[in-house]
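Report on the following structure.
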């Protein structure tokens, strides 16, 4: 009698497929909308590679951002507005990457890229809050550099602790307003069909707006308002701040002073270029490419790569951070 032995990886795939099917049936039975993500690859041999890649990037991002927070909090010389906003940026980056990557890792492991209606709204809400906070903090950090360079004598007066807290609170409130605009547009899914296909690996707000059951006119209003809030407002603030900074530097007769000023702004400018460069790259690639999988791969750049690289850009380019890191390492070892 012939006995056919099912390979381990195939049997595990069948197990997860059955479990995913039971989940879908349970969702359909309760007539609650569910959302299906796209897979980066359907090749079973690539799943361990993708799992290891996302896991390593997530651990690296957590390690780098936690190290920045620890460094700033442990060194009294770094208790300044600039590093206060940097440590908050690191905390926001941890939340930003934690909104998407753990879910991707689970989906790769279980072969079940399905999320419930409540789960999708929760993920989208956290993504919008942390993404907008990231955006606004970059603008606030540019304003901080503008005050430090253009008004150095009044820097401590203008950027006092209460003003810094107000600016941080303003970033959160603007992010919350942006979230409310998204929620108004996407809370109507329960009156539509039961299954939605999202052309990304997470509940991307722009994808949800495309699928929302609102009229095109309302969707366009939400898009324009969020675009102005997320794009026009912070970018205008950053451009204005650096215009004033460059003008101030050009008037300085000292070449060493110019070099020192550029070095203090170099790390922030690198992060701004990385954040907006990847976001614009994803936007244009999605406009030119009609492949959802290519768009999902492009989205990895600003959702995963940017939060992972931010702390290393600051630690490698910033002299104060490097000195503080050496002190910490000397204590440990």
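Every residue, even glycine, has its Cβ placed from backbone N, Cα and C.
In TrEMBL, annotation is done automatically, which means it is predicted and not curated.
Per TrEMBL, the features are as follows:
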DOMAIN    64-314  domain 'G-protein coupled receptors family 1 profile'
TRANSMEM  49-70  transmembrane segment
TRANSMEM  82-102  transmembrane segment
TRANSMEM  114-143  transmembrane segment
TRANSMEM  164-181  transmembrane segment
TRANSMEM  221-243  transmembrane segment
TRANSMEM  264-284  transmembrane segment
TRANSMEM  296-316  transmembrane segment
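At the 8 Å Cβ cutoff, the transmembrane segment (296-316) and the transmembrane segment (164-181) share fewer than 3 close pairs (sequence separation 6 or more) and do not count as touching. With a threshold of 8 Å between CB atoms, the same-chain residues lying at least 6 positions outside the transmembrane segment (82-102) that come near it are 54, 57-58, 61-62, 64-66, 68-69, 72-73, 123, 126-127, 129-131, 133-134, 137-138, 140-141, 144-145, 148, 164, 167-168, 201-202, 303-304, 306-308, 310-311, 314, 320. Using a Cβ-Cβ cut-off under 8 Å and counting only residues 6 or more beyond its ends in the same chain, the transmembrane segment (264-284) has close neighbours at 134-135, 138, 141-142, 145, 148-149, 235, 238, 242, 245, 295, 298-299, 301-302, 305-306, 309-310, 313-314, 317-318. Long-range contacts of the transmembrane segment (221-243) within the same chain, counting only residues at least 6 positions beyond its ends with a Cβ under 8 Å from a Cβ of the stretch, are 131-132, 135-136, 138-139, 142-143, 145-146, 174, 177-178, 181-182, 184-185, 205-206, 209, 265, 269, 272, 276. Per-residue confidence over the domain 'G-protein coupled receptors family 1 profile' (64-314) averages out at a pLDDT of 84.
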